Amino acid sequence: MKVVCIIVLFVIVAVNESATSEANTSNAAKDTKKKNVTLQFPSYIQNPKQLALELLKICKNNKSSHNSLTSRSSYNYYAINDKYVDFKNCTFLCKHDKDINVTLNMPPNTPCGPNGQTCADKSQCVGHIPGC
């Protein structure tokens, strides 16, 4: 149920973002603050909502470039799921349409460990241990 709620929230944010030509990440973050959403990111991620919105933006941009190459989809659907964010490998799953999943890289400045590690040096990253 949580997964469905999170995906619905990201789709709502995505629709709000695409509905206004001047929408940006800070406006989407304001919309997200109105909802009670708990993201399952490690404790070393200081602002989980900001990271989720950044990953969603990367997913959207990848969807746009994917559509320009294939022009397969005519509607604007993209989503991420916090359960499929891999901090050890600095990747996340981006869902395009109902049946297209793409694994994308997280930005190099993304924290990937409790001691200040970032995705700029993936060899130093640690995996997320549930419950810790």
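Any Cβ shown, glycine's included, is placed from N, Cα and C.
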*So which of Asn16, Asn24 shows up as N-linked glycosylation site in Swiss-Prot?*
Asn24
*Under a criterion of Cβ-Cβ distance under 8 Å and sequence separation of at least 6, what residues of the same chain contact Asn101 (N-linked glycosylation site)?*
Leu93, Cys94, Lys95
*Given Asn62 (N-linked glycosylation site) and Asn89 (N-linked glycosylation site), what distance in Å do their CA atoms have, once rounded to a whole number?*
19
